Amino acid sequence: MAKEQFDRSLPHVNIGTIGHVDHGKTTLTAAITKVLSEQGNAEFKDYANIDNAPEERERGITINTAHVEYKTANRHYAHVDCPGHADYVKNMITGAAQMDGAILVVAATDGPMPQTREHILLSRQVGVPKIVVFLNKCDMVEDDEMIDLVEMEIRDLLTEYDFDGEGAPVIRGSALGALNGDSKWTGAINELMAAVDEYIPTPQRDADKTFLMPVEDVFTITGRGTVATGRVERGTVKVNEEVEIIGLKEEPTKTVVTGLEMFRKLLDFAVAGDNVGALLRGVDRHSVERGQVLAKPGTIKPHTVLKASVYALTQEEGGRHKPFFNKYRPQFYFRTTDVTGEVTLPEGTDMVMPGDNVEMEIQLIKPVAVEEGTKFSIREGGRTIGAGTVISIEK
């Protein structure tokens, strides 16, 4: 069967369902595909199909995630739904599923529960910009005032974690009712998708961001100079543009890209996703190395102290068998290199057990080009024992 051409005419947005266990995330995901499939904009996926999510491995961590896709009149969506709470923690911290926005599912029968709060906090830590709320199971609550109270609680909770509690759309519905074809509740799904379309911003495409390329390898072309190779992470770089070499040293080095090539062909410019070699003017073989980045001047700095949200792998995932403690010194793997760092655990946390999610401060022995949202792995003796996301830069 011939593969269908991917439609690029609609902007693409990644979203996901988050919320407490059994509040109806997976049922809602199924209901969205059902309602949109009747408009020709999705393929219906039933609950069982989504719930039996295949195991994926991302940076050595086993995550169960279901991916569905659908579209509205305005956008194409990739939607991720995870069966278990631990899967969300891992998914969001490793960036396995980058979310441009989230649908927070809260059962009107229960109101906000512990994982509701945890998922909102996680969304804040990993930089999910906007959250739309779906109040589920409204068909099981007789009293509208009860639902009003739940809505107020959720708005307060969003505000507490620096989301737009006042302005966030809150849609009342019943995912099960919509799955069963009840027109009152299929209407709520359409209302939800309209809110997602309008409220969740279209992400800036990687190509439109400022240029950054992690250096993977360096070699010399006799008579021409030094070439740094790597995959452009974001932005665009043109021949004869000035860039900075950043990381592993206190100060960046300025240089000019005098040539670009990909697959042995010369390029005028390189864009996010391209694997390229960049010829650098006046740079000797030893002043650029793997683990540094090339970037647009002034856009990213090298840092040594950062706060991060970290997930410690379980023993089954190949992680440690025992906990680690304050002042633990593993290797932190950023983009293309390992740098040793020392962990400071928050007050009141004596140790981190395999399977824990914890916020910590990290002091690196060499400066690395990082910013809020940068993902990394934690390694010990060459094996991955954790994964993290930078929450803030301290120094």
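Any Cβ shown, glycine's included, is placed from N, Cα and C.
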Where Swiss-Prot places region 'G4' among the ranges 40-43, 108-111, 136-139, 336-339: 136-139
Stretch carrying region 'G3' according to Swiss-Prot (options 9-12, 81-84, 153-156, 373-376): 81-84
Long-range environment of the region 'G1' (19-26) - Cβ separation under 8 angstroms, sequence gap at least 6: 47, 50-51, 66, 81, 83-85, 104-107, 110, 112-116, 119, 136-137, 175-176
Long-range Cβ neighbours of the region 'G3' (81-84) (under 8 Å; 6 or more residues past either end): 16-17, 21, 25-26, 29, 50-51, 53, 63-66, 68, 91
Pairwise CA distance, Gly19 (GTP binding site) versus Thr26 (Mg(2+) binding site), rounded so that it is a whole Å: 10
Proximal but sequence-remote residues of the same chain as Asp22 (GTP binding site) (Cβ under 8 Å, at least 6 apart): Ala107
Binding-site residues compared (Lys25, His85) - the one with the fewest other Cβ atoms within 10 Å: His85
